[in-house]
Amino acid sequence: MKYLIVNGDDFGLTKGVNKGIVESYKNGILRSTSIMCNMPYADEASQIKEICPDLGFGIHITLDAGKPLNSPYKVSTLVDEKGYFKKGFSHSLNEADIDQIKIEIEEQIKKAFSLGVPITHMDSHHGVQSHPKVIEIFIDMAIKYNLPVRATPLDKEVILKSGVKTIDNFVYTFYDEGVEKENLLFILKKLENGITEIMTHPAYVDDELMRVSSYNTKREIERKILTDPDVIQFVKENNITLVNYSIFR
């Protein structure tokens, strides 16, 4: 059997992102999203669960965009002089305090559960989970809160060894230059048996998105492809079952 999780990253980043994710669920093949709990529109998750009853909500652990949920003095090694997360986590987290990383990750998890939506899994913004200072905390929290996780090529081996439930395949090539209908159809044709996740970033591009993200206009194209009738028909005709991470329950 071929099970497919089409996940819309970055829920909460802007209203346009949220709207694009909802549109891709209602009129397309998206069945999962992940919430940036430190972003201004994360709370909208609780408002859309009624109109998106089969949408799974994950936690998009974020350590390099926006501000932390904790007071800056509690996570001082993670933030700059203005209280924002430092950019470029691959370098900045090398000097970060592990305990501060832990309390911020757990605060984001607690925020997600407070939203009153079905929390199905954990993943991370820019793949921060794979950082050597983060991965063990990420796994420990997945175990503590009984959550499956997205595994990337950089961390799949250690996640599998931990026993945490995860996907069989992760596709991250429907992004940037790969955002073409032909590429998505190619990905779908090559799907293997098991559970595959395709990472996506659909949105309606608004002024705020242009201001806060360098990955912007391609999100609009992603949304149009995810709701394209040819894509929807291909999924139906090829016995691909659309699911979210609740399949692990």
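Every residue, even glycine, has its Cβ placed from backbone N, Cα and C.
So that you can see what the record holds, here are the features copied from Swiss-Prot:
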type    : residues      : note
BINDING : His60, His125 : Mg(2+) binding site
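When the binding-site residues His60, His125 are compared by the number of other CB atoms within 10 angstroms of each CB, His125 has the fewest. DSSP gives His125 (Mg(2+) binding site) a helix state.
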